[in-house]
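Per TrEMBL, the features are:
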type	residues	note
TRANSMEM	15-36	transmembrane segment
TRANSMEM	97-126	transmembrane segment
TRANSMEM	138-171	transmembrane segment
TRANSMEM	177-200	transmembrane segment
TRANSMEM	207-226	transmembrane segment
TRANSMEM	271-293	transmembrane segment
TRANSMEM	305-333	transmembrane segment
TRANSMEM	353-381	transmembrane segment
Amino acid sequence: MRRILALDWLTGPRIVLYGGLICAINALILVFGILFTGQTPHRVDFIAFQAAGRLALAGEAAAAYDWERLRDVQAAILGIAPEGMTGYLGWLNPPHFFFAVLPFAPLAYAWAWAGWILACVVLLGLAARGIMPGAAALVAVFCTPSVLLSLGVGQNGALVAALMAWTLLLLDRRPALAGVALGLLTIKPQFGLVFPLLLALTGRWRVFAAASATVAAVAAASWIAFGGETWRAFLPMVAGTADRYLAPGSEVLPKIQSVHAFVMQATGQAALAWALHGAVAALALAVVLRLWLRRPEGPEEARAAAAIAAAFLLTPYAWTYDTPVIAIAALFLARAARREGWLPGEKALLVLAPAALLVVVFRPFSLVGPLAWVLILGLAWRRDAAWRRAAAPGAPALSPVPRGSMSAGT
């Protein structure tokens with residue numbers, strides 16, 4: 001029983017087999033859902049991206065921030081009356097994200113949706129392969145619940161995961177490229193709160209400069225391409241996000257994965273929600289700063305996973321479809337385990353953290369995400385502590401990776 005719970009049986013070939021079956025089943029569901037939709041195509045989140053792209057192509061990019069105007073375009077794509085669009089989505093992304101959706105705007109909805117999924121799969125796959133080559137690692141990433149959810153609804157969580165992965169993977173190898181990836185991460189600015197601080201405090205000024213230059217370049221390009229009115233429409237939209245989604249009684253609070261959303265839903269007290277969220281965020285920040293500043297010689301994988309976890313624990317605004325990057329955080333830690341040996345129970349906990357988000361797919365609950373990120377943060381701290389003990393003079397080395405590890409047979 002202990003061996004079963006420890007997941008010693010979860011070898012590379014078995015990950016490929018079981019995870020591959022999960023991915024294949026989901027791929028078939030998507031193919032039938034996209035290409036065999038009947039007279040009215042299935043409506044998923046991607047339709048808001050395509051509608052915004054069509055407005056941008058028509059020279060009306062600023063209108064994408066008008067909820068009713070965007071609703072009308074979404075209805076036209078589906079071939080239904082605007083009055084039939086209930087629970088439709090808005091366009092909340094900064095203007096430079098138009099560049100990402102423009103290539104898919106003129107396509108038929110089903111093919112645009114499929115193309116978007118394929119592009120996200122390729123980008124996330126390349127990022128994951130950069131961390132740990134091998135079929136088992138790729139399958140492990142793509143069979144996690146949040147990745148499957150984000151891809152299925154056509155969201156941009158996989159793109160966010162790829163950009164975070166490249167930022168951390170290239171940080172000291174290719175600082176300029178890492179900065180470009182971080183600059184592009186501003187398509188979801190709420191997840192970039194911790195990175196500028198870490199870069200400044202650790203003196204990684206080349207990355208900082210490249211990120212700043214990238215932000216300035218894409219902002220200027222979007223201003224030129226879509227007009228300054230797009231930014232004037234976007235900024236009030238950002239300011240109104242808290243009132244729309246984080247207010248007491250909001251119907252979407254259970255879907256938002258943050259301490260703030262959980263406390264707000266449970267108590268309706270904004271001050272308490274901000275206080276408890278701030279306390280957890282401060283603790284997460286303290287942990288990641290400790291790993292990055294006081295223990296910089298430790299495993300880079302622990303620092304990377306901790307930074308990702310802190311990025312999500314700091315923001316009050318994260319949806320389930322934003323969390324595919326938890327698979328990237330787990331993959332970083334798995335790489336360290338592959339090199340230095342698995343710690344007791346580590347493999348099971350690394351599977352549990354991404355798998356826990358399966359709960360949210362079936363029953364929205366705001367605390368699942370924060371708990372998963374706290375678990376990742378704890379695993380990062382434990383991995384760093386294990387390395388430190390092993391590096392102490394006279395200490396025995398960590399046990400080597402046993403046969404049948406995550407990379408076996410790949």
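Using the three backbone atoms N, Cα and C, a Cβ is placed for every residue, glycine included.
Remote same-chain partners of the transmembrane segment (271-293), defined as residues 6 or more beyond its termini with a Cβ less than 8 Å from a stretch Cβ, comprise 194, 198, 201-202, 258-261, 263-264, 302-303, 306-307, 309-310, 313-314, 316, 370, 373-374, 377, 380-381, 384. Taking Cβ pairs closer than 8 Å, the transmembrane segment (177-200) reaches residues 93-94, 96-97, 100, 156, 159-160, 163-164, 166-171, 206-215, 217-218, 285, 288-289, 292, 307, 310-312, 314-315, 317-318, 322 in its own chain, all 6 or more past its ends. When each of 138-171, 207-226, 305-333, 353-381 is scored by its Cβ pairs under 8 Å to the transmembrane segment (97-126), the top-ranked stretch turns out to be 138-171. With a threshold of 8 Å between CB atoms, the same-chain residues lying at least 6 positions outside the transmembrane segment (207-226) that come near it are 56, 61-62, 94-96, 98-99, 171, 175-180, 182-184, 186, 195-196, 199-200.
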